[in-house]
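*Asks:* Not my notes, these are from Swiss-Prot:
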type	residues	note
BINDING	GLY685, PRO686, ASN687, MET688, SER689, GLY690, LYS691, SER692	ATP binding site
Amino acid sequence: MADPATQLSQWDFRRFARSDLTPMLQQYVEVKAQHPHCLLLYRMGDFYETFLADAEIVSRELEIVLTGRQAGDKIGRIPMAGIPHHALERYCAQLIEKGYAVVICDQVESPEQAKERARQAKVARRSKSDGDAPLLPLLLEDGEQIDWEGAESVLVRRAVTRVLTPGTVLEDQLLVGRRNNYLAALVQAGECWGLAFADISTGEFQVTQLESAEALVQELLRLQPAEVLLSGDAPDPLVLLRPGEASSERPECLPSQFCYTLRPRRYFELDEARRLLMETFGVRSLEGFGCENLPLAVRAAGGLVQHLLETQRGVSIPLEGIRTYTLSQYLILDHQTRRNLELTQTVRDGAQYGSLLWALDRTRTVMGGRALRRWLLQPLLDTRAIGRRQDSVAELYDEGLLRERLQRILESVYDLERLAGRCGSGTANARDLVALGESLLKLPALAEAVAASTSPYLKALQSIPVELERLGEKLRRTLVDTPPLILTEGGLIRAGVHPELEGMRGQLIEDRDWLVDLEARERARTGIQTLKVGFNKAFGYYLSISRGKAEKAPPEYLRKQTLTNEERYITPELKERETRILNAQQQTNQLEYDIFNILRQEAGRHVSALRQVARRVAALDALAGLAEVAVYHDYCRPVLGEGREVHIEAGRHPVIEQAIPAGFFVPNDARMGAEAEPDLIILTGPNMSGKSSFIRQVALIQLLAQVGAFVPARGAVLGVADRIFTRVGAVDDLATGQSTFMVEMTETANILNHATPRSLVLLDEIGRGTATFDGLAIAWAVAEYLASHIRCRTIFATHYHELNELASVVSGVANYQVTVQELADRIVFLHRVTPGGADRSYGIEVGRLAGLPPSVVARARTVLAQVEQHSQIAVGLRDSNGSASESAAG
């Protein structure tokens, strides 16, 4: 995808001489030149305006009106598009979602302050001259020269206050509540990679070092970062590549679906990265974080922090300490497995509905939803950690009243993780603090509810820091229940909280009462009963008289404005009172804002304690949801050990059973991996019989067990798996030019090269994407290799019934089938998995059910009979394996 500036080169700001632009647009271009690859939102009064190429992009992407503005005599009219200041977050969210970086340029003084600044500058310069010398241009802070001949032409000072990129947003409207918003950074050295990622809205900050590009790509696909930082040689300090946009700076091995931001290589130098990280976290060494000897990870982390310092423009980002991890700590799920198992979204339409997350998510808070999502994508290997989660689910399973009580409380808890982050960064608004206060006041009820609990995750909430309870009380006492979004216009602080504020409010009430009395007095004095006292921002307070009564206006009334139906007047007395009221209101608003700021800073000092409690509440919420699912859908607690067994009694698919009417799902057993049990099951049966559902079911039960959840079965004993592999279905990869069969073979090769005896492998229809004989040969060889060389636990679903012969020539292989019942005119799918191999696939019956013409069905039966009569594949395989076995014995 081309850079927007070159895409819309007619209006590229670099094409215009600055001297040809109006002073305001000179200021705009000055800022734009510092951020050429970002969309610049430039505050003008009540709007954020965009100009030139940016305006065309914003108009197109946001579907707002494209207007124009005079840019100067030589240039004429240029494109302009604006958004109201109160809708900034909503529109920024849309732009960021589309992969743009956005620069916010705000007014840092009022027009009145700008005029006063110009007046004082003019006086100062004249005092240094003889009074007759011409005025000299004044050099502004941003380098622009303006001739101050009149205060009316003064430019208001503006400054960049935020640089918003997809991975650096904090505002609620710019985030998805139940998903983390990760910013990642990468550093490469040979085959190795350093990876750092952070969610600045929650403070999470993790690093790792990976031995291959393949491992890196799998981690990126798990994390789904909103933005990935790369070191590059681009001349601009921030170049953002939108999804799919080509660049020689992005290594070919990296997925093109993410936003990549190119940053200068100096940000990723080891010494500078180490210094910056130690300074950020106030430590003398990185050893305590476990990454001192991981130079690539340290470099990536340093580049990430430097990026935050530049984009946040003075906003403090309170990241938690660095956590170092390795892939070997978790059950590894590659992207294809996560996709095939539909963990967080369906393959068909990418929706959450119909996914495992949909079936399990009963969380009451968004932070609990994020925790559950992370757990599903990164199951555990440590049986002790798994057991701690299981113990908590078990207690909440057994104690139904406790679970329901906790969930009722949790329904009133807001996103403590992100609220804490906004308090720590100083960006929280008054409604954030109200939500924080309400949430903190729920914590004592949670602590009381779990006071007698014995499981670890519940016990963690038995003690709430006293300072957080006090903070919650203070927030409730100080702030009104529904404060305004704008912090500088008053209405934030409750009555009776601050003596000085109460005195100022009392004076305002007296002055406004005076206005009411003035209206009554003037009506009586003039005899004009329709006379009113009004106010607007342009003219302040005025006396309004209808046009028909205007001749009765006293001579001391000074006409200020004439409208269609009324005349508006002022008096010296009214203007004097107006000045008093407006000054008092401004002082009152400022005092309220000062009180709010002190309160926000106090909350920010507790960010670490807030986040610690938030993580505990999120975990409790996720576990309570898992317990609720277990109760309502009759799940059991699995037994996990260090063996290799997969013993599932009456297992069910957790998603399908919720998507169909209750009682319709047919449970099935699975036994493999232990002594005297097969390592590999050849699963045959008709189309539509449920083979694919069964193999996914086994994988999901294994995964849920290692998450620490209960599982949909009557009983389950499972050995911990180090990896789960699935190869289920395939489509052409048009982006890389790979056919369906090539994709299938690539995925199969990945499994054969990485599976271990502790892995769980689920294969469906290997070899079906090519000629029958080739496909059968590959399927046989793959199954044989898994059974005899890797000896991992495998279920191999196939329509190649000849593979049933493998059990007679390779040890550790067993045949199972999904049964049907044949009636006179149709077949009934029983969906029951039983020992033995099927000898028919009933594909023609499925075609008949799908509506194939009767003549086609009849012809297919004839052809099938001829093929079966002359096929000697099974005999040949049996003979060749028998000969091979005899040769090996000899």
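Here, residue 1 is simply the first one shown, and the rest follow in order.
A Cβ is built for glycine as well, from the same backbone N, Cα and C atoms used for every other residue.
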*Asks:* Using an 8 Å cut-off from the Cβ centroid of GLY685, PRO686, ASN687, MET688, SER689, GLY690, LYS691, SER692, can you name the remaining same-chain residues around the ATP site, in sequence order?
*Replies:* VAL818, PHE829
*Asks:* Counting Cβ neighbours within 10 Å across all chains shown, tell me which of the binding-site residues PRO686, GLY690 comes out on top.
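*Replies:* Within the set of binding-site residues, the most crowded position is GLY690.
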*Asks:* Sorted by position, what residues of the same chain at least six away from MET688 (ATP binding site) have a C-beta under 8 A from it?
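*Replies:* The list for MET688 (ATP binding site) reads PHE829, VAL846, LEU849, given in order along the sequence.
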*Asks:* Validating a neighbour-count step here. Other CB atoms within 10 A of the CB of LYS691 (ATP binding site): how many?
*Replies:* 25
*Asks:* Should SER689 (ATP binding site) be counted as helix, strand, or coil on the basis of DSSP?
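*Replies:* Going by the DSSP assignment, SER689 (ATP binding site) belongs to neither helix nor strand, so it counts as coil.
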*Asks:* Output, ordered by sequence, the same-chain residues six or more apart from SER689 (ATP binding site) with a CB under 8 Å from its CB, or 'none'.
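*Replies:* Non-local contacts for SER689 (ATP binding site): VAL818, THR819, VAL820, PHE829, LEU830, HIS831.
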*Asks:* Can you count the other CB atoms that lie within 10 A of the CB of ASN687 (ATP binding site)?
*Replies:* 17
*Asks:* Taking the Cβ of SER692 (ATP binding site) as the centre, how many other Cβ atoms fall within a 10 Å radius?
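*Replies:* 20, counting other Cβ atoms within 10 Å of SER692 (ATP binding site).
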*Asks:* If I restrict to non-local contacts, at least six residues apart, and a C-beta distance under 8 angstroms, what lies near GLY685 (ATP binding site) in its own chain?
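*Replies:* Once residues fewer than 6 apart are set aside, GLY685 (ATP binding site) is near LYS691, GLN817, VAL818, THR819, VAL820, ALA838, SER841.
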